[in-house]
Amino acid sequence: MPLLTPPVQSLLAPVALAEPGPDPTGPVEEAVPDPVQESAEGTVEAMGPVLGILVNMLIGVAAAIALVAVVALVLNVVLRRRPELRQQIRRVRIPVMTALALLAARVALGLTAEGEPWFDAVRFLLLAGVVAALGWLALRVVRIVEERLLVKYQAAGVDDRRDRKIRTQTMLLRRILNAVIIVIAVAAILLAIPSVRAVGAGLLASAGVLSVVAGLAVQSTLTNVFAGVQLAFTDAIRVGDVVDMEDTFGTIEEITLSSVVVKIWDGRRMIYPSSHFTTTPFENWTRTGSALSGTVLMDVDWNVPLDAMRERLRALVESTELWDGRECSMQITDAVGGMVQIRAVVSARNSGDLWDLRCLVREDFVTFLRADHPEGIYAQRMLEAVPGLARGQAHGQGGQGRTGAAPGEDSQQPQPSVPGEGTSSGQAGAGTRADRTGDTVPGPISQTSPLAQVSEDSSMFTGSITAVERNREFAGPGEAAYQERKERQERQDRKDTGQLPVQARPEHQPESEGRAG
């Protein structure tokens, strides 16, 4: 081989020198009793080589089919009160019958046609058929086991959303086992060829180089596969969880071996590689519960009536079913530059209700301030320089030219020009808690604008059939899943602190949870 370079020759040398080894399947005919062998040989002598071999193979196939039919009939009678088992037996009957029939034909062929020139080729085809039929049977068995597990958990009364986690794990296991079965079946068929075994022996000599090349080629694929298994069995996320990562907010719709499908509120799907969830931080909004708290930020003027704002917020949340009754507060988080920043905190049962509640609060306060308290609307103040006015007079003790002076200072704050309002500079901060330090207590503030209401046109997660369905998708995996996660975390904490043995099991743990673990 003059055209080959020395390195290539060194790689191919083991392949050329390898000797074909014996057939790993072995002669199946040796296990056949002597009377059967003598009967087969007599059939060939009486009917001729070709017809006799064919008749022997047909007899073997018929015997295998008859055996499977008799066994199936007996099992149907025995299991007449178990219809689900009878259905599963019917599903595996065809693969078993195919495998036994091909095996019987191969045995009959080996008894009578070993010296024929076409014997090796036909025997290999029958062997490939037997291996393929056994692989088919194994795939059917894996599928039946998966269905049995799911039926078992459904019969135990597992919550529908928690059932999604079990389905995800069993689906991943089934796919892994299917891949392993197919690889083993293909490898068994190829190893039955002597030349392929010789090539395999040569490749083993350079396994170090090939392993490095193969590892680099499938590195990303294997990383995603192992990440998918990790996500499914570490319970970092499960189907139905609401997640927020980077610029994507949605629910986990599907977890596969290599990717995770996130459904966004508008119906789009974002597909991430599984490794993205194991290497990049993300927010799980429904890890241990769906109840959330949210904020509404508003930039208002120093004259805003804070007491009236708090009363309005309380009245608003009590008038809507979006509020879950946990949190309702209002604070001033910043007050610089002539502007006051108010933060209202509200809570809801899930992320969908929280979104609509925040939008409702924001809409109501826009209407409330515009209609009832326009002096609270933030106004940009501007000063005009007066020609001939001395610099010291412009910044005298009165401080009338200052903008953004906080309440409680001696300086007077210029007031915004609002139609219909004639507030004086000495009334800055009227209606707030600071006014209660005086001799008079302000009376109740009249509210002329009605409270905002949730409607189909003003909400995204409530008010219509489509919105309710969207809200259900963003509700999380359910209370059973949250309780399971909390109990698992508590048990892990006790194990870490030595308060609970590793093999111990809490008395309150339900039986279905023990099976799910």
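Just so you know, glycine gets a Cβ as well, placed from its N, Cα and C.
Residues or ranges marked as transmembrane segment by TrEMBL: 53-79 (among others).
Taken from TrEMBL, the feature transmembrane segment covers 91-109 (among others).
Positions annotated as transmembrane segment by TrEMBL: 121-142 (among others).
Remote same-chain partners of the transmembrane segment (172-193), defined as residues 6 or more beyond its termini with a Cβ less than 8 Å from a stretch Cβ, comprise 23-25, 124, 127-128, 131-132, 134-135, 138-139, 142-143, 146, 200, 228-229, 232, 255-257. Residues or ranges marked as transmembrane segment by TrEMBL: 172-193 (among others).
The domain 'Mechanosensitive ion channel MscS' annotation in TrEMBL covers 221-287.
The feature region 'Disordered' is assigned by TrEMBL to 391-517.
Residues annotated as compositional bias 'Polar residues' in TrEMBL: 445-465.
As annotated by TrEMBL, compositional bias 'Basic and acidic residues' applies to 482-497 (among others).
Per TrEMBL, the feature compositional bias 'Basic and acidic residues' maps to 505-517 (among others).
Residues of the same chain lying 6 or more positions beyond the ends of the transmembrane segment (121-142) and with a Cβ under 8 Å from any Cβ of it are 25, 91-92, 95-96, 98-99, 102-103, 105-106, 109-110, 113, 174, 177-178, 181-182, 184-185, 188-189, 192-193.
A mean pLDDT of 85 is what the model gives for the domain 'Mechanosensitive ion channel MscS' (221-287). Per DSSP, the compositional bias 'Basic and acidic residues' (482-497) is made up of 16 helix, 0 strand, 0 coil. Counted with DSSP, the domain 'Mechanosensitive ion channel MscS' (221-287) comes out as 20 helix, 25 strand, 22 coil.
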